[in-house]
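K.L.:
Features from TrEMBL:
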| type | residues | note |
| --- | --- | --- |
| DOMAIN | A:5-127 | domain 'RNase III' |
| BINDING | A:40, A:113, A:116 | Mg(2+) binding site |
| ACT_SITE | A:44 | active site |
| ACT_SITE | A:116 | active site |
| DOMAIN | A:154-224 | domain 'DRBM' |
| REGION | A:203-225 | region 'Disordered' |
């Protein structure tokens, strides 16, 4: 690990009692054992929980589905990757030879996993409240930037408003398949945004649910691009 | 609320400081506001986190994917419903007229949601460690019953061994559909267990993934029956 872990700990705002936990969190499986694979599972759970608490406390007016959507947008790989980049996390990673050569220290999934693993390392080092403090601090700018009136919109509405704001034509929803018997039908719907060359599919137990799912997938593609 | 909340608190092993939180957790949306919808979102996150911690600490030999599968089987509606029934949670629910008449107090989804909401209520009442203690206690029998050598198996292997152990014929996997272009295909596979009259469908980006999904769905049906 070339870079100085003290600098990382200052950026994160947390000093590890057991520094070996931090080192493990920064170790990709390509480097050998112990690595951060199991820590990532634990860290992902802690992150989801802490972000749920933050949304619950902050946005009393949001309903369950709205909070779920908001959380998904915050804890996704993109969100984690952005924070990992701010921390220069790539500089501290321990990667195997192959990953090192292929630029693994810049790969969003590797960075996101290491950040989640670090949350677990803080939890194992000092408990839930310490992990919560670290996550709350790193996520504060993202959570402060949320406009609940926008973020909580259902995916079809959010997509429509995004396109209207850019003077683009509205998406076309097409039901391409319905299967199952009357009491347990499944709908398959495509959502096409011609101006952006996006075409996604959604499934659901109703046409409306399938459309929302396809719009959600289109929004996910937009966020990636 | 006909039944005495003291009895429920004794069964759960937790005394609320703010009893209104417990009452809200037991209030279905059909009854009015405040109800347990938002609490359920929070409680689900706390439950997932606490079970992840328990699995992480207890089963050091399991890999990430194995822990994820195990957790999914523990925090699913069936698992929650089983615990809710042991607590006689249905007796304490506050339901609207319609739900009351149609037997909502026995409905697995309503019971599971109320139990998750109760975990959130404990968290709001006394913090994460209190909620963790309650969940750990209620889940202890389920976690103690886990055989990691069996539970961690992939779904196809688990299903095969279940059937072999009962001298039943192995399942048949049939690819019923492949769609999408070469680089983004989706497979649809059915899994049939004739002896048990089970037929499930799975989808995935590869035949193998779709088979595993169909086997997972078959196992879910087995667990329900």
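Here the Cβ of each residue, glycine as well, is placed from N, Cα and C on the backbone.
Describe the structural context of these features.
P.N.:
Secondary structure at residue A:40 (Mg(2+) binding site), taken from DSSP and collapsed to helix, strand or coil, is helix.
Taking all protein chains in view, 23 other C-beta atoms sit within 10 angstroms of the C-beta of residue A:44 (active site).
Long-range Cβ neighbours of residue A:116 (Mg(2+) binding site) (same chain, at least 6 residues apart, Cβ-Cβ under 8 Å): A:39, A:40, A:43, A:44, A:47, A:80.
For the region 'Disordered' (A:203-225), DSSP puts the residue distribution at 18 helix, 2 strand, 3 coil.
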K.L.:
Which is it, of A:40, A:113: the one of these binding-site residues whose Cβ has the most other Cβ atoms within 10 Å?
P.N.:
A:113
K.L.:
How many of the residues that make up the domain 'RNase III' (A:5-127) does DSSP mark as helix, as strand and as coil?
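P.N.:
Across the domain 'RNase III' (A:5-127), DSSP assigns the residues as follows: 93 helix, 2 strand, 28 coil.
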K.L.:
Listed in sequence order, which of the binding-site residues A:40, A:113, A:116 sit with a CB under 8 A of chain B?
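P.N.:
Listed in sequence order, the binding-site residues near chain B are A:40.
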K.L.:
Apart from A:40, A:113, A:116, which residues in this chain have a Cβ no more than 8 Å from the mean position of the Cβ atoms of those residues at the Mg(2+) site?
P.N.:
A:36, A:37, A:39, A:41, A:43, A:44, A:112, A:114, A:115, A:117, A:120
K.L.:
Can you check how the pLDDT averages out over the domain 'RNase III' (A:5-127)?
P.N.:
94
